[in-house]
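For reference, TrEMBL has these:
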- 1-22: signal peptide (SIGNAL)
- GLU116: active site, proton donor (ACT_SITE)
- ASP257: active site (ACT_SITE)
- GLU350: active site, proton donor (ACT_SITE)
- GLU371: active site (ACT_SITE)
- THR474: Ca(2+) binding site (BINDING)
- 522-567: region 'Disordered' (REGION)
- 548-558: compositional bias 'Polar residues' (COMPBIAS)
- 607-643: region 'Disordered' (REGION)
- 631-643: compositional bias 'Polar residues' (COMPBIAS)
Amino acid sequence: MFFRRNKKIALALLILVNVSAAIRKYDKSDLDGFKEEARQMFQHAYEGYLIHAYPYDELRPLSCDGIDTWGSYSLTLIDALDTLAVIGNYTEFRRVAELLATKVNFDGNINVSVFETNIRIVGGLLSAHLMSHRAGVDLEPGWPCNGPLLRLTEDVAKRLIAAFDTPTGMPYGTVNLRHGVPEGETPITCTAGVGTFIVEFGALSRLTGDPLYEEVAMKAMNALYHHRSNIGLLGNHIDVLTGRWTAQDAGIGAGVDSYYEYLVKGSALFQKPELLRVFIEARTAIDKYLKRDDWHLWVSMHKGQVTLPVFQSLEAYWPGLLSLVGDINSGMRSLHNYHQVWKQYGFTPEFYNIPQGEAGTNRESYPLRPELIESVMYLYRATKDPYLLDVGVDILRSIQHSSKTSCGYATIKDVRDHRREDRMESFFLAETTKYLYLLFDTDNFIHNNGGQGKIINTPWGECTIETGNYIFNTEAHPIDPGALQCCSGQRDMDIKAHVESQLLASLDPEVFSSLRGERLPKRTTRPAQKAKNSAKQFYIPTAPPATSPTVKQKSTTAEFAPKEQQELKVEDSLVVTSTLKPTNQSGHPDGDVSGVGTVELVRRTKKEILDVDTSTPPAISPPPSDARPSFSGNEQKGNSAYQNDRELLDMTTESSAAAEGGFTLPTFVKHFLSSKQFDPQAMLERLRANKRYDLNSTWSIDYQLLYCPAQPFLQRISVIGEFYETLS
């Protein structure tokens, strides 16, 4: 017995030695060569798209022409933009960024996938906006909390937000970019389509100061957690109106994958320990019911019985995700399984039947997916294991050999014979080529470990960017956490300011104002923009007027209306207008703690109104000096409670004209005024009032003892000895 046991140990050691000897040693010149090959792969596909397919969504690499797929908004150009920055092509990045900022318009009467538009368009534009500083783009005042790409991002997100207006807070799968959720739209959405928003929407909220996006994303994730089965698993598709599961297979692949990914990445990006807690619970159930010999099967979400013993190529993200939570060994074992499938066919098929050891029937294609190389890149950053470089070289060589065409790279229709299909999805440029490049470019700025960064001055104070720790969304668009901190104000000084505001404001608003010293950051909401002018005006905060205003603030709609639409017939009839009458002693609304005051009705003639309105050009009043981004959810959205005089005058003029037999309102205007309009703020308030899906509030408290605020950048690099500076 002893001899046999020693013989087995000796055989295992011999196999280990042979495997180690078979792994190639790579030096810097080898890695540089592979990096250049990956760069040329991207460049060939990118130029093919520009020459043959732009402005269509995607390139057809066999026909060498273009086709619209996901939304008819030059999808590949947006998806590939931040890859240009990653590979160092800043000149082309600046050209495309300007093109998108001035030419792209998302106001189209088209139905789009909420999920795909978010990860590809919202994620791509957000990342490009944050890369603009490194790429040398001329930045507007207030960057990163302001900028044309950020405004474009928010425009898209606003068009998607109507999908979340459901009883559960989980979004529909489709919206019309102009009209919202299409009539008759199915309420059935996949799990990933519900839980893959927190990275993009959370970043957008932190940059703009509008809590709407982050809150709806969190509500959707919380609703999914609430509807988990009694054994802790989630199904594949759910009815967003009722919360009923319509597809009850549980797995980590298609339809579910990025939900688990965003639990981990959302926790890291926004310091939300409750999301990591949810992932840990889910991981426990996954390991118990899905895991078989480092494969992950599909099972019944209620009983845990195996329903589909297959590996899906989309599941190859899992080893990389495990590396982010520190489980390197489990990740490496699963990755080894996936690599064996790749070596069997030269690619990973969409489905691989594990018991039979072959590609699934009618699931033999490989659409240039990035998940395997994504995990390889993450694990190599964590281990520096040269075996992972071998895997990366295998992937690079296979794509170059079988997928390359004269104008791009084609989907593999069947991995068994490498027949090709006439499609190149945008994620090939956004993800696959990017991860390959980053695997071999070990010195890329994305891999910064925090030892260096840049300090920038913003109108709201000093902050540090480009210190590394980038979080990739599920489309490989990197988000810089440091840049989010420039705008979100989630810092110790802001916590102190919040405490002071709660204590002092209740005593005396004037005393509170006098105690706001220089240690408290002076922040405002994003500065207003002038129409038709790329150089936006930045307002310096000024003190509010000492007397109550009698002339209203003009709405944005009125300000940007064509001049001919503002020319109205002047009559002497009276018009009732609203005037703010403060209830506090300080003389302006912002000094009132208990409320915003009352509204007094004033009778004025139309000529008086027009004399005031036309005497000065339209302008937006600067924000009060103490205005700052808030995540309390109680802030007012402008002065929406007060009726605009010009707006009221338009309505009374047209009404009187109609009564006298003159013109009437156009049909579409009547429809607009009579129909119930979608109100994002009202939706947000409804979601806040719905307490069914709130996570356990004590989870955050559980992590307080583990919380350690990061030191300022200058202090950190002083500690590691780069230079020393006396800190007061």
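Cβ coordinates are placed from backbone N, Cα and C, and glycine is handled just like the others.
Caution: TrEMBL annotation is automatic and unverified by curators.
Keep in mind that this is a model prediction, so the values were computed, not measured.
Structural mapping of features recorded in TrEMBL.
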residue: GLU116; record: active site, proton donor; CB count, 10 Å: 19
residue: ASP257; record: active site; CB count, 10 Å: 24
residue: GLU350; record: active site, proton donor; CB count, 10 Å: 22
residue: GLU371; record: active site; CB count, 10 Å: 24
residue: THR474; record: Ca(2+) binding site; CB count, 10 Å: 26
Worksheet item: What is the interatomic distance between the Cα atoms of GLU371 (active site) and the residue listed as 'Ca(2+) binding site', given in whole Å?
Response: 10
Discussion item. Of the recorded positions GLU116, GLU350, THR474, which one has its Cα closest to the Cα of ASP257 (active site)?
Written reply: THR474
Worksheet item: What is the interatomic distance between the Cα atoms of the residue listed as 'Ca(2+) binding site' and GLU350 (active site, proton donor), given in whole Å?
Response: 18
Item to complete: Taking only the Cα atoms, work out how far GLU116 (active site, proton donor) lies from GLU350 (active site, proton donor), in Å, as a whole number.
Response: 19
